[in-house]
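Straight from TrEMBL, the features:
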ACT_SITE  LYS5  active site, proton acceptor
ACT_SITE  TYR230  active site, proton acceptor
BINDING   ARG100, MET278  substrate binding site
DOMAIN    209-333  domain 'Alanine racemase C-terminal'
MOD_RES   LYS5  N6-(pyridoxal phosphate)lysine
Amino acid sequence: MAVVKADGYGHGLERVARALEGADAFGVAALSDADRLRAAGLSQPIVLLSGFDEADDLPQLRRLGVETVVHHISQVEMLEQAGDGDPIRCWLKVDTGMHRLGFAPEQVHQAHARLSAAASVADGIVLMNHFASSDEFDPASPGSRQTREQQRAFAAAIEGLAGARSLANSAAVLGWPDAHADWIRPGGLLYGISAVDGRNGEDFGLRPAMTLSTRLIAVNAVRKGERIGYAATWQCPEDMLIGVAAIGYGDGYPRAAPSGTPVRVAGHDTQVIGRVSMDLMTIDLRGIPQAKVGDPVVLWGPELPVERIAQVSGTIGYELTCSITRRVRFVES
């Protein structure tokens, strides 16, 4: 299953779906995304990963032929009371320790029995789980121990139940082959982004699908001691050239990126200086005296992993790509 939540992790839902047209299924977080995928011509199964919210969603599930995760007794009750129509395939979620969504292990058999008896539910209920710490691979780490505990809890909770199994998210696809089961659910790794803290996608043989770039719109000579940007957070240590790039947090680049965050100007490594503003950022051009207006500026991409920007900004690569705003122009290549 190709997970394409959050507008394909910020890459554009329809664009991603075309690139992944060979996927066996697609996972979405909202019915509106399922509608967009069907409108784009996709015929594969689509799974609503957070499940439906109210009974009025059921006709939409049927119209679009969308499968749904069931994680709460209220959803079981709505399915039991649903009117006539095509049966809906369900994915029964077990809470094995993450404590977001899912039935407690002792509730799983009863929930499964009620779903199986409901006329609105299709045969072949899938059994699923979500790992909390599968990005830790060291067998001695607390996260690794938690993943093993979740595997054991899942196996015990579903003992005796028939149906396909789905456990592995992106991190588990990379590091927990014994959890691959019948359905894997890769998300960020499809876009070349690492799911493991401190590692880049390229460490796992992945290639980033996104390059975020802009151009210099000004090159200014600034004297030693002058301060740069809002709140004057960066002071020039010498007479130097400052580049101004046409990008900022209004485009999705993180405002939290501190001075020293890496960027590339015309193929040269350098750094952000001063505070990132809504539409602009300032860049250290020492060492790039030939820099000029119009030169390309790469914020992340194959030569500058998004994970590096995320790490210094106190977040993860997924958040950065998902934050790209509508005013950014996409070019496919």
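Each residue, glycine too, has its Cβ placed from N, Cα and C.
Feature map: annotations from TrEMBL on the structure.
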residue: LYS5; record: active site, proton acceptor; Cβ contacts under 8 Å, 6 or more apart: GLY27, VAL28, ALA29, ASP33, LEU49, GLY187
residue: ARG100; record: substrate binding site; Cβ contacts under 8 Å, 6 or more apart: HIS130
residue: TYR230; record: active site, proton acceptor; Cβ contacts under 8 Å, 6 or more apart: GLY274, ARG275, SER277
residue: MET278; record: substrate binding site; Cβ contacts under 8 Å, 6 or more apart: GLY248, TYR249, GLY250
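Within the domain 'Alanine racemase C-terminal' (209-333), the DSSP-based counts of helix, strand and coil residues read 20 helix, 42 strand, 63 coil. Mean pLDDT for the domain 'Alanine racemase C-terminal' (209-333) in the predicted structure: 98. In this structure, ARG100 (substrate binding site) belongs to neither helix nor strand by DSSP; it is coil.
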